[in-house]
Amino acid sequence: MLWTDCLTRLRQELSDNVFAMWIRPLVAEEVEGILRLYAPNPYWTRYIQENHLELISILAEQLSEGRVRQVEILVDSRPGSILSSSEQPATTTAALQTAPIPQPAKVKREPEPVANTAVSSKSSKKKLLNPQFTFSLFVEGRSNQMAAETCRKVLTQLGASQHNPLFLYGPTGLGKTHLMQAVGNALLQAKPNARVMYMTSESFVQDFVSSLQKGKVEEFKKNCRSLDLLLVDDIHLLAGKEASLVEFFYTFNALLDESKQIILTSDRYPKELTELDPRLVSRFSWGLSVGVEPPDIETRIEILLKKAENSGVDLPRNCALFIAQQVVANVRELEGALNKVVAISRFKGAPIDLDVVRESLKDVLAIRARTISVENIQRVVSEYFRIPLKELIGPKRTRIYARPRQLAMGLARELTGDSFPEIGMAFGGRDHSTVMHACEKVVSLREEDPIFDEDYKNLLRLLQS
C-alpha cells in the first residue's frame, strides 16, 4: 500500500517524536490520483501542511511512480470515522504516550513560595506570581540597570512596538525572572483584571502536549491568545520541541497582532539561538533585546544587605563584603551563600561575624583558592593584552602597562579575598594606597570608557569560566 511505503520513508526522514506524535496517527486513502490524509482536528492539519506536506507529496509521487500527483490533508469528519468522534483515536493516544513527554518542572525551594502562573482575578484558576519579585525588592546596579529601567518603561507603554517583544538575555541566576515577574506584579496591582500568564518553556510544552492528549487544543490556544501580558522564561529550551514551537509561533504572532505585550528570557542573545526556527528568532528581534550582566561587587554587597534586611537578619557590612568577594557568579549563588551563613549562625547560636562567614563558606574558599588567585589574574590579564607578565607587575608607568595593571588590581580585589597590602605585594611590592587608587580608578574608567568596561567584563568572564 502506498501510505505504508510512505510511512517507512517518513520514519527515516523525521525524528522519532515527530513521527510517533504527528504522522503515525494519520489515516490515508487514495482516490483518483489523490492521496488524502485525515487528521483529528484543524490544528493537526495546519501543522502537517506547514511542516511536512511538501515532503509527503514528493515521497507519494516517487513511490507511486507518478500515479499520485496530489496530497491533501483534511479533518476527518467522515461518517463512522473513529477520528470524527469526540475522543482522540486510540493510535494517537498510544503514540503520544510512547513519545517522551516533558515532566513538570521541579520548583526549587525558596524562602518565599513561587507559583508558575498569574492570571486575572476573574479566572477560575487563580494562581499568583511570586509576590517577592517586585521592582522595590530588586537591587539595581551597573550590570542590570538598563534591563530594570526598560521593564518599568514597558509598564507605561504596554504592547508598544519599540519594546515588543522585550527579550532579556544573560547567564542564569542574574534576576531575569525577577524582573519579568515584577512587570506582571506591577500590572496586576495597577489593573487587577489584567490577564497575565507566566510560564517556563517546559511548562508551555507540558500544557500543550496535555491539551493534545485531552482534545483541548482550542481551549489551550484561547487561554494563551487572550492575554494582556505573556511572560515566558528560558525560551531557548523550546529547541527540539517541534510541535510546541509551531504553536508558540502562532501564539506569538496572535499576541503581537493585538499589541499585547510579550516578555521573554534566554541565556543568549536572540541571534545566537541557532537551534530555533529562524522565523521565530527573527521575531524575537522585532522589539528590544537587553542583556543582564553578572553583578559587580558593589551590587553584590547591596543584594546581600537587602536580602538580609528583608529576612530580619543582622548582617554586618564587612561580612557582606567578604561574601561578595567570594561568590561572584550570580545572584542565586549569592543568596545561597547567605542562607548557609544564616543557618550556621543560628545553629551555633552566635551572631554573624567574619569567623562564622569563613566557617560557612569554607568549601567555597577552598575551591576559589585553587582556581582564582592574584597570580592567575595577572597571567590572564597579560595574555589578554599581550604584554609581558614582568611588565604588568613591574614599575613602568606608560599607559600600555599602567591601564592593564590597574585593571588586574581591580579584578584581584573583586575576585579574591586578598587585602590591599597583599595585592600590592603581588604587584612588585606596591603599597596599599596604590592598590586602593587603582581600584577607584577602575570604577571611574568603567563608567567613562566603554572599551575599558568591555575589557573588564571579558576578563571577568574568562576568570569565572
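Each Cβ is built from the backbone N, Cα and C atoms, and glycine gets one as well.
Annotation comment: Swiss-Prot describes Gly173, Gly175, Lys176, Thr177 as ATP binding site. The Cβ of Thr177 (ATP binding site) has 22 neighbouring Cβ atoms from other residues within 10 Å, across all protein chains displayed.
If you look up Swiss-Prot, you'll see 88-100 marked as compositional bias 'Low complexity'.
Positions annotated as region 'Domain I, interacts with DnaA modulators' by Swiss-Prot: 1-87.
The feature region 'Disordered' is assigned by Swiss-Prot to 81-123.
Taken from Swiss-Prot, the feature region 'Domain II' covers 88-127, and the record attributes it to sequence analysis.
As annotated by Swiss-Prot, region 'Domain III, AAA+ region' applies to 128-345, with the evidence given as sequence analysis.
Computed over the region 'Domain IV, binds dsDNA' (346-465), the whole-number mean pLDDT of the model equals 86. Per Swiss-Prot, region 'Domain IV, binds dsDNA' is recorded for 346-465.
Same-chain residues that are not part of Gly173, Gly175, Lys176, Thr177 yet have a Cβ within 8 Å of the Cβ center of the ATP site turn out to be Gly170, Thr172, Leu174, His178, Leu179, Thr265, Val292, Asn330, Val331, Arg332.
The local packing around Gly173 (ATP binding site), expressed as other Cβ atoms within 10 Å of its Cβ over all shown chains, amounts to 16. Thr177 (ATP binding site) carries a helical DSSP state (H, G or I).
With helix defined as DSSP H, G or I and strand as E or B, the region 'Domain IV, binds dsDNA' (346-465) counts 93 helix, 0 strand, 27 coil. Sequence-distant neighbours of Gly175 (ATP binding site) (same chain, six or more apart, CB under 8 Å from its CB) are Phe138, Asn144, Val292, Val331, listed in sequence order. Around Lys176 (ATP binding site), the C-beta neighbours below 8 angstroms that are at least 6 residues distant in the chain are Ala147, Leu168, Tyr169, Gly170, Asp233, Thr265, Val292.
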